[in-house]
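*Asks:* Attaching a single structure in structure tokens format; questions to follow.
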Amino acid sequence: MIKTVSYENGILTILDQSKLPEKVEYLRCHTPEEVADAILDLKVRGAPLIGVTAAYALALGMVNYHGNNKIEYFEKIYNLLASTRPTAVNLFWAINRIKKIFLENSSLDNTKLANILINEVNKMFKEDINTNKLIGEHGEKLLNLNSKVLTICNAGALATCGYGTALGVIRTGFRENKIKNVWACETRPVLQGSRLTVWELLEDNIPVTLITDSMAAYIMSLEKVDAVIVGADRIAANGDTANKIGTYSLAIAAHYHSIPFYVAAPTSTIDLTLTSGTLIPIEQRNADEIRQLANYPITHQDVEVFNPSFDVTPNEFITAIICEKGIIKKPFKQEIINFMGEEE
Ligand code: MRU
């Protein structure tokens with residue numbers, strides 16, 4: 001399976017997803033600032049992967065820090081990384097986990113402290129893959145044999161440390177003869193669906209058909225979709241889910257056609273501090289993502305653009321949330337508390 005991120009000897013190596021599928025190219029980052037830029041530029045993306053990569057960036061910062069005010073320096077790089085992608089709650093979950101370990105061990109010398117941080121992130125990396133495999137096992141049970149499923153964006157191995165969430169369910173499902181075909185929405189404007197999901201599924205010989213986002217409702221009306229499976233960037237305490245822009249429209253269309261709509265995500269994507277999805281911060285991105293296609297101008301260069309990177313699907317349109325602990329069903333508010341409560 002392709003490596004999305006890896007750390008060795010003071011260098012963080014990141015698969016540059018902005019180059020896919022044309023080139024498999026790796027970026028070598030030496031500083032937290034370089035990693036923050038890679039996250040901002042979507043060279044590394046997908047909520048769980050953003051989290052682990054940012055955690056590595058903090059550890060990397062400490063590996064290469066030789067000054068005598070490490071608390072101030074840590075705070076500075078923490079704030080920088082926290083400012084990169086506001087919607088993906090896994091980012092905050094991951095950097096807060098590292099911050100806690102940092103503070104608990106801040107009296108140690110720099111080398112010992114840096115080693116502890118690197119070991120913790122290596123642990124998070126392995127945990128993420130295990131989590132995704134469990135999501136795959138639970139989610140596969142929701143599918144009938146030979147299902148035709150539809151997904152958006154890329155919630156796959158490329159968006160995680162490996163295996164994927166929504167694509168993790170599809171991967172395990174394919175192995176169990178549950179998947180006949182995957183409809184991949186291209187996912188305007190950054191095309192994570194056509195560039196990444198198609199590439200990733202074809203690498204694994206999973207049958208995939210590419211569509212533009214606007215074709216989804218029509219394909220549902222033709223009874224060619226048995227389930228919709230998507231990832232998540234943040235799930236509020238009531239089950240409302242922020243995911244790639246276009247997810248909400250898919251959920252409404254699935255509801256209209258009585259097609260089950262599943263969100264696959266680790267419990268680290270659930271934000272119990274937010275009572276509803278209206279409170280989830282939605283990242284606004286650069287206008288040129290819409291004004292241009294592969295750096296080629298496709299409209300007036302100064303036209304006003306609205307470019308929210310995510311939308312929020314109200315819980316009423318979600319059939320179930322698939323996490324590593326099992327299937328969270330309705331009523332979400334109570335069930336989410338039950339699932340998260342088991343964590344302590
Ligand atoms: O802007 P991106 O590419 O980071 O958006 C990614 C998504 O919306 C994914 O569905 C989500 O992060 C879950 S990835 C397992």
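Placed from the backbone N, Cα and C atoms, the Cβ positions cover glycine too.
Relevant sequence annotations retrieved from TrEMBL are reproduced here:
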BINDING   Arg45, Gly46, Ala47, Arg85, Gln192, Asn243, Lys244  substrate binding site
SITE      Cys153  site 'Transition state stabilizer'
ACT_SITE  Asp233  active site, proton donor
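Each of these features: where is it, how hidden is it, and who are its neighbours?
*Replies:* In the three-state DSSP assignment, the secondary structure recorded for Gly46 (substrate binding site) is coil. In the structure as shown, the Cβ atom of Gly46 (substrate binding site) sits within 10 Å of 30 other Cβ atoms.
Within 10 Å of the C-beta of Cys153 (site 'Transition state stabilizer') there are 29 other C-beta atoms, taking all protein chains into account.
According to its DSSP assignment, Asp233 (active site, proton donor) is coil.
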*Asks:* Where does Asn243 (substrate binding site) sit in DSSP terms: helix, strand, or coil?
*Replies:* strand
*Asks:* Quick one: give me the count of other CB atoms within 10 A of the CB of Lys244 (substrate binding site).
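*Replies:* Counting Cβ neighbours of Lys244 (substrate binding site) within 10 Å gives 29.
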*Asks:* Nearest of the binding-site residues to Cys153 (site 'Transition state stabilizer') by CA-CA distance, picking from Gly46, Arg85, Gln192?
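*Replies:* Nearest in space to Cys153 (site 'Transition state stabilizer'), counting only the binding-site residues, is Gln192.
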*Asks:* Let me make sure I understand the span of the substrate site: among Arg45, Gly46, Ala47, Arg85, Gln192, Asn243, Lys244, what is the greatest distance between any two Cα atoms, in Å?
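*Replies:* Those residues reach a largest Cα separation of 16 Å.
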